[in-house]
Every structure is written in structure tokens, then in C-alpha cells.
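Engineer: This is the structure, below, for whatever I ask next.
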Amino acid sequence: MMNFLKQVGDYVKEAGQAAKFIGQGLSVTFDHMKRRPVTVQYPYEKLIPSERFRGRIHFEFDKCIACEVCVRVCPINLPVVDWEFNSATKKKKLKHYSIDFGVCIFCGNCVEYCPTNCLSMTEEYELSTYDRHELNYDNVALGRLPYKVTDDPMVTPLRELAYLPKGVLDPHDLPAGAQRAGLRPEQIVAATPAKTDSTKESNAS
Amino acid sequence: MNSGIDLQGTFIESLMDLGLPLGAAKAIWMPLPMLLMIIGATVGVLVTVWLERKISAAAQQRIGPEFIGPLGVLAPVADGLKLIFKEDVIPAKSDPWLFTLGPVIVVIPVFLSYLIVPFGQNLIVSNVGMGVFLWIALSSVTPIGLLMSGYASNNKYSLLGGLRAAAQSISYEIPLALAVLAIAMMSNSLSTVDIVDQQSGYGILGWNIWRQPIGFLIFWIAALAECERLPFDLPEAEEELVAGYQTEYSGMKFALFYLGSYINLVLSALLVAILYLGGWEFPIPLDAIAGWLNVSPTNPVFQVVTASLGITMTLLKAYFLVFTAILLRWTVPRVRIDQLLDLGWKFLLPISLVNLLLTAALKISFPAFFGG
């Protein structure tokens, strides 16, 4: 008999606890309703891409020596380098250069290995078109620079989470001049004592 | 308790003054409340869908529909329009008759149940003597439609969803009916108007929720399970069953399911408001307020105010419950089918039986408080 009563008591206790936990959960969801939306209202607000953002690739025609390293390091040999040998100067003359961004995976290998730094990553990510062939950028299209989010008067630029001051989670209405947590790269460089390049010298000698 | 506004009586009398026979006057009156009820139910669904989207968005720190009309109020209308113009696909290997009949059988009983929802002393389509019983009877027709559509789709997921829906509805009908039975025992009537009348007179203190707290919880849990709302939405679980019995449906047939589930939610909320939260009663008894202000209860202005306040109160209570249902949706995870049946048969059923017994005992011991 006592055993049975104990079972009933435990059961009631468990039911009470379940109700308590559901109540706690409800209070959490209710609390969230008062908070400001965390979503970025895209066409009107845009996040500022980080400095390492791998967007559409920029290409400088005049710097290119048509070495085709970009083609070799590309996982799918994507860049099309059209050159012809100029027998007078005994140099390759670049005629056309194109990358199809419908196929590119933005791995950045070509940018990494380009010997003359004529390839670079931009922060442009709005590449949608109605026809996929429009994504095949030739050297003129590749040479265009994207419009910066911070310069667009139609757009409210928002900082990404890592670029907000310490303890701040909301990118809206930041005080002017608010800095991200931690030191900026140039501050780190200034803080570290200037090193003598002993390792390099020893390697060279 | 005054009778309040009697629209039907006044309408028929005025038609008879114009020289129409009584039968014709009644026939002209009859379609009006029905039409009003269908329009009301549909508008209620639109409001609920909008609330669902907005409250869900707020609970997840989003904004939700914003540009379709002011604050996105036209979003559900746009949804409906899209579904109307969508192609109506009937799968080749399905049974076309049962496939078409399924959603119809799901929706019609829900609309019919609105007959017994009172918004005031006479603001009810038909004051059936066994109103709540009619609702319980009609709501048990729905699982037949669900099972029918799941079976006729000729699809594993649909069949599984249909079977789950039937199992769920059948097992939660019993605690629901037992909770209603306790109310009916206290009110000595199954009519919704009588049940509200029995709660009136003492304002918020007279509401059944104080006398039936366990019954209220059981009823609300069972009602959520009947509507297939989120803690119990496993017959139409998107992730597991690809929306269950709705998998093969598109266009207007899907819209019927969608409409049916939301009307059912509003209906359940309205019934909880009527059975437990005093229906159209204001938290402070209005007759007492009239007494303080020296207004006669038969004053026409007072009656109009009472009637509109009654409708507002009923809707407010119902939409508060809809709000809690939406909040619960984002709080509680979905249960498994075995947990669902466990909860229904091993928890709610014994508790509702104990509740019924307790109510009977209290009714005999304290007839003054528990409706002798």
C-alpha cells in the first residue's frame, strides 16, 4: 500500500516538474518577443564583409604575364587565358582573360598563387543574373571594382558580430567611433618590438 | 439576467410587419447568420495565420511579413490567393474520389461546429440543447477524413500520417469528452449558452477555471492534440513524414486542410473561452456596473454596449488562447507517437476520470458552489 502511494506521489511530483519546466520554457520564448530582431533587413541594411571575404575576383589586365599558374592551381582549370607569342619581344601577349563565376567555387587558389598579384578578391557577393552565361566575366567585367556597402546612401551598413565592441550584440545604433574588441592589426604591429631579420639573413648566407 | 438583444426576433417581426408570412420571414432570416458565421470563421483564420506568422517571428527575433499590406496583414490573403490559383494535382495512382472527398470531410464538421459558439445571450446561430455534445460528435468525424485522404493518396508517408492522425484524434477525444462532462455536470446542461449563464453573476470569480483547473488543463492539452498543434503535430510532421497526409495535396485541396486546421484551432480556443473562461462575460459583472451608474439593464444603448463588449470579450479570450498555442509551438518540442499515446491514455485519461469523480463528489458536498 505504501509502495503504491509512493509511486503515485512520485508520479505527481514528476508531472509538477514537467509543468514547471514547460513554464520556464514559455517564459524564455515570451522574453524573446520583446527583443529587437537580429535579422539584417537585406536590401536596406547590409553587413560589411570581413577583410578576408572571398567574393568575386578582380583582375588587372596590364599586370598579367599570361603564365597560366591560375589555371594550373584552379581545382577545375577554370580561368581562360587567351595569349599569343609575340616573336618581336619574345614575350607572351595576353589577348583575353575570363572566369566563369557560375562554376567558380571562390577557393582563392588563383589569387594565392598569382606571381604578379594581378588577381585579387573583392567583397562583391551579389552575383545573381537571369541567365547563367552572364556570369562568365571577361577581362573588362573582371576589372570593375564593386561598390562599397559603406558608400551606398541607400544602404545602412551593419558590422558583423566579430567587429562589434566587447559585449555588444546589436549592430544597430552604435556610438560613433566604437571600436571592435581587441587590438587592430596596426596596433599589434606597433606594440610588438621591431625584430631583426636574423633568420632570413642566416638563410640567405 | 436580461435577455439582451434578440436580433432574430426583431428581424422576423419587422418582416412580418411588411406583410410576409412567418415561415417566409424565418426562411429569409436563416441564411444570414450562417453566412455571417462562415465569413467570420474565415476572417478569424486569416487573423490567426497573420498572428502565427508575426508571433513566430517575434519569438525568433525576426520581423515577419512586413510589406504585404500594413504590418503584413495581407500575407494570409496572398497565401490563399496563391493556393486558389495553384494547379490542383491528383496523383495518377491515387483514388480520385476519396482523394477529393478527404479534405471536404475534414473541413465541413469544423465549420458546422461554429453553429454552437455563442457570442452573447442571443448571438448564436442555433442554441442546440446538447451543443457541446454536438461539437464532440462532429469533431470525431474529422479523423475519418484524415485517414481517407492519407489512404487515398497511395503514399507511404500519407498513409502513416493519416493513421497517426486517426490514432491521435481517437485517443484524445476521450479525455476531452470527460473534461466537458465535468463541466456539463456542474452546469446541468450541455447547451453552451446555459454553460456561460451558469458562470455569470460574479465576474471573473465565477468562471469555471477556478472550479475546474485540472479540467481546463486537460481540455486545452487535448484540444491542442485535436488540432494537431505543435507539441502534438506528428501526423503532419514536415521533417519526418513530409507533412503526413497532406504530402500529395496541392492547390485548393491543400488550402482546405490548412483552413480546417486553423479554424479548428480558433474553434477550440473559443470553446475553452466558453467552457472555462466565462464566454462573453466581462471580468466585472456588467449588471453591477449598470447598477452603479444607475442605468437600466433594458436601456437600448446599454444593451448594444453589452452585446459588442460580449463579442469583444469572447474574441479576446479566444485569441489569448491562440497566442498561448503559438507560444507553446516555439517552446515545446514535438513528442514521439509512443509518448503521445502514453500521455493520452496513461496520464490524461486517469486524471480526467479522477477530475470527473472529484467534481461529482464536490457537487454533492457543496451544491452551492458546484451547481447543485
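Glycine residues also receive a Cβ, built from the backbone N, Cα and C atoms like all the rest.
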Engineer: Of the residues A:Cys67, A:Cys74, only one is listed by TrEMBL in the [4Fe-4S] cluster 2 site with A:Cys104, A:Cys107, A:Cys110. Which is it?
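Structural biologist: The candidate from A:Cys67, A:Cys74 that TrEMBL ties to [4Fe-4S] cluster 2 along with A:Cys104, A:Cys107, A:Cys110 is A:Cys74.
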Engineer: Out of A:Cys70, A:Cys104, which of these binding-site residues shows the lowest number of other CB atoms within 10 Å of its CB?
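Structural biologist: Fewest other Cβ atoms within 10 Å, among the binding-site residues A:Cys70, A:Cys104, is found for A:Cys104.
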Engineer: Inside 10 Å of the Cβ of A:Cys74 ([4Fe-4S] cluster 2 binding site), count up the other Cβ atoms and send me the figure.
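Structural biologist: The answer is 19.
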Engineer: Could you give the residue numbers and ranges of same-chain residues that sit at least 6 residues beyond the domain '4Fe-4S ferredoxin-type' (A:55-84) on either side and whose C-beta is under 8 angstroms from one of its C-beta atoms?
Structural biologist: 49, 91-101, 103-107, 109-125, 127, 137, 139, 142-146
Engineer: Just to confirm my parser: what is the rounded mean pLDDT across the domain '4Fe-4S ferredoxin-type' (A:95-124)?
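Structural biologist: Value for the domain '4Fe-4S ferredoxin-type' (A:95-124), mean pLDDT as a whole number: 92.
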Engineer: Tell me, how many other CB atoms lie within 10 A of the CB of A:Cys114 ([4Fe-4S] cluster 1 binding site), whichever protein chain they belong to?
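Structural biologist: I get 20 for this one.
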Engineer: If you measure from the Cα of A:Cys110 ([4Fe-4S] cluster 2 binding site), which of the binding-site residues A:Cys64, A:Cys67, A:Cys70 is the nearest?
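Structural biologist: For A:Cys110 ([4Fe-4S] cluster 2 binding site), the spatially nearest of the binding-site residues is A:Cys70.
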